[in-house]
């Protein structure tokens with residue numbers, strides 16, 4: 001930011017400036033240590049909105065492939081041991097799971113907005129599933 005020349009202004013007769021506390025004055029007059037610039041921070045929510053727009057534009061899978069594959073194999077072990085999967089079958093399962101979760105989170109967000117909140121909660125997911133008829 002460029003520095004600008006300050007010019008004298010005529011007082012408008014408002015309140016007299018209050019005296020600062022000694023600690024505040026000392027803090028303001030203390031020199032900046034070595035000119036270290038603090039890192040830039042965005043306002044709360046800005047990065048979240050940017051991520052929402054980015055993920056809504058994209059079509060790639062959001063869950064990593066190998067962890068998802070391990071989870072599928074672990075769940076399948078409970079039903080039958082030594083099951084084998086084609087890679088296309090794992091891919092189809094992952095597409096279906098992600099589509100289901102995205103839809104569930106959309107409905108959950110609508111439930112939170114209906115309750116005049118912006119944060120989704122466990123009860124919103126439960127209500128969304130109940131309205132869908134997935135669980136009683």
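Cβ coordinates come from backbone N, Cα and C, glycine included.
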- line: Range annotated region 'Disordered' in Swiss-Prot (choices 1-42, 43-84) is 1-42
Message: Please report the distance from the Cα of residue 37 (N6,N6,N6-trimethyllysine) to the Cα of residue 80 (N6,N6,N6-trimethyllysine), rounded to the nearest angstrom.
response: 59
- request: Quick one: pull the CA-CA distance for residue 5 (N6,N6,N6-trimethyllysine) versus residue 57 (N6-acetyllysine), whole Å only.
  value: 46
